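Swiss-Prot has this to say about the protein:
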| type | residues | note |
| --- | --- | --- |
| BINDING | 156-191 | FAD binding site |
| DOMAIN | 49-153 | domain 'FAD-binding FR-type' |
| TRANSMEM | 12-29 | transmembrane segment |
Amino acid sequence: MSVSRLFSNPKFVYPLVGATIGSIGLAYYSTQAQFYIANETGKTFTGGDQWIDLKLKKSEDLTHNTKHLTFELLNPDDVSGLITASMLMTKYVTPKGNNVIRPYTPVSDPDQKGTLDFVIKRYENGKMSNHIHNLKEGETLSFKGPVVKWKWEPNQFKSIALIGGGTGITPLYQLLREITSNPEDKTKVSLIYGNTSPEDVLIKDRIDDIAAKHKDQVKVTYFVDENKATKDWEGEVGFITKEFLEKELDKPSPDFKIFVCGPPGLYKAISGVKVSPTDQGEVEGALKDLGFSKEHVFKF
């Protein structure tokens with residue numbers, strides 16, 4: 001089935017064909033997102049407009065097009081200064097003097113000292129993702145932030161659903177990790193994560209580890225393209241249908257929140273796209289058909 005045909009059918013949420021965090025998230029850099037100002041010492045990022053150069057400590061291939069990159073913070077005893085759910089802006093200057101700026105969400109713990117970790121997928125026409133993949137250990141990249149999209153508070157909701165695809169997993173993983181790392185936070189979490197193939201499932205080991213340790217609190221469902229599933233694949237195959245979501249999700253309620261992050265096709269089919277960086281837009285797609293509205297859904 002062709003990509004155009006897949007994305008033209010509003011009944012389904014499609015496994016990821018390819019989208020950068022930049023393509024789904026440049027809208028992060030907006031007046032809707034606020035730069036989080038933290039005055040405490042011991043944090044590399046405290047908000048504001050100052051770009052900070054961090055040295056690449058380690059670059060490790062995870063798949064043919066995905067790297068795990070570790071950057072050194074300004075001081076070995078520093079934490080990043082990020083909170084859940086927030087991200088950083090990255091910048092590099094082209095040989096012609098043009099700035100390329102994209103947002104990325106770290107996968108490291110907020111209290112991790114000395115380093116900052118990212119999982120970044122390379123795309124053929126992705127200027128920043130190609131630049132980052134070409135960085136050599138010891139070279140630097142400019143960062144600033146953090147930019148907070150949703151400030152999580154323990155037990156904000158009785159339950160949440162995290163629906164994402166591809167690189168859209170990063171802010172959803174932040175929420176999953178934050179909730180399960182706090183014994184006082186009893187929020188139940190359902191993660192529904194779609195990708196093209198099993199090899200494309202990012203940070204699966206981390207997600208599976210959390211799910212195994214919190215079986216009564218966390219449920220994870222993976223989807224991959226039907227033509228890409230291997231014989232030993234234990235997740236779901238094909239599309240994430242409205243019928244699946246109807247069985248999996250709680251009914252619309254003030255105690256239940258859905259967070260969505262992925263490429264444009266996923267937004268269109270699941271939740272509707274954002275009107276602008278400052279406007280979440282109306283809920284469309286499968287979630288609208290299931291009775292959800294703006295107060296129930298947040299689009300990263």
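Cβ coordinates come from backbone N, Cα and C, glycine included.
Values in this document were obtained by computation on a predicted structure and should not be read as measured data.
Structure coloured by features recorded in Swiss-Prot.
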residue	record	DSSP (3 states)
Gln156	FAD binding site	coil
Ala161	FAD binding site	strand
Gly166	FAD binding site	helix
Pro171	FAD binding site	helix
Leu176	FAD binding site	helix
Ser181	FAD binding site	coil
Lys186	FAD binding site	coil
Leu191	FAD binding site	strand
Considering every residue in the domain 'FAD-binding FR-type' (49-153), what is the mean pLDDT value?
96
Taking the Cβ of Leu176 (FAD binding site) as centre, how many other Cβ atoms lie within 10 Å?
26
